[in-house]
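> My questions all concern the structure below.
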Amino acid sequence: MGLLDSEPGSVLNAMSTAFNDTVEFYRWTWTIADKRVADWPLMQSPWPTISISTLYLLFVWLGPKWMKDREPFQMRLVLIIYNFGMVLLNLFIFRELFMGSYNAGYSYICQSVDYSNDVNEVRIAGALWWYFVSKGVEYLDTVFFILRKKNNQVSFLHVYHHCTMFTLWWIGIKWVAGGQAFFGAQMNSFIHVIMYSYYGLTAFGPWIQKYLWWKRYLTMLQLVQFHVTIGHTALSLYTDCPFPKWMHWALIAYAISFIFLFLNFYTRTYNEPKQSKTGKTATNGISSNGVNKSEKALENGKPQKNGKPKGE
């Protein structure tokens, strides 16, 4: 007998039971959360993170509509400051994770979570919290693209990467702010030092962009990172490492999704025949948030009014 043939009362009872079980599970998860981070900013509740991510998605949707009949913002100085600021932030995170894990004697093969208030463990948890915060700051990548009317840069890969990293890392900090979690964050923060250095240099304009021939290798570096993540996590599962299994499987699934998306980006960008200059499509994924030649020409020509309606 199918669900539609069931008595209304039994269907309601089943729905009520499922709802109550969900609520009980939610409450239980909070009993096993990391108590060290309970009072840290943004960690008391998931709603601030969800709200920020929702506002981000709304801006992705509404921002291009608002900018449609406006001149693009010229943001060279802002981009230079922002990108090199992100270099310093990621360098700080990498250093804290490296020094904290080294002093705590962490293993790169298998490391369980230590929820104690040991100075090195708290240092690692703090660095992971800053890593989570940095993913929220990275929402500005998209904001700058839209304000500069670079909407073709705001691809599915771009939005998926930014939105999921910030949201999912809240879960990571709330329950596993240490142990194996340090490895991926340490590797990713190091890669972001290189990436934002590239972005910062690109923001100086065309005179330096011709020397930045190594852009495609940033995408390759990202792909290597995802494969290393899968290999490292699979090894931990094989050795039955006492780290939450759900986190292991979530990391593998997440890395696989990025491999497919970045491979698609890499193939379209570097392996397919190049379009003509007039029809050239800007790249997504790790695309530069610097200043391109067309913006340089605008700056050297008639001054534009940032964000002003066209014709003013």
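Quick reminder: no glycine exception, Cβ is built from N, Cα and C everywhere.
So Swiss-Prot says this about it:
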type: COMPBIAS; residues: 273-292; note: compositional bias 'Polar residues'
type: CARBOHYD; residues: N20; note: N-linked glycosylation site
type: CARBOHYD; residues: N292; note: N-linked glycosylation site
type: REGION; residues: 273-312; note: region 'Disordered'
type: MOTIF; residues: 308-312; note: motif 'Di-lysine motif'
type: TRANSMEM; residues: 42-62; note: transmembrane segment
type: TRANSMEM; residues: 78-98; note: transmembrane segment
type: TRANSMEM; residues: 127-147; note: transmembrane segment
type: TRANSMEM; residues: 165-185; note: transmembrane segment
type: TRANSMEM; residues: 188-208; note: transmembrane segment
type: TRANSMEM; residues: 217-237; note: transmembrane segment
type: TRANSMEM; residues: 246-266; note: transmembrane segment
> Near the Cβ of N20 (N-linked glycosylation site), how many other Cβ atoms are there if near means within 10 Å?
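Counting Cβ neighbours of N20 (N-linked glycosylation site) within 10 Å gives 10.
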> Taking 3+ C-beta pairs under 8 angstroms (sequence gap of 6 or more) as contact, is the transmembrane segment (78-98) in contact with the transmembrane segment (188-208)?
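Contact between the transmembrane segment (78-98) and the transmembrane segment (188-208): present.
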> If you count Cβ pairs under 8 Å, which stretch among 42-62, 127-147, 246-266 touches the transmembrane segment (165-185) the most?
127-147
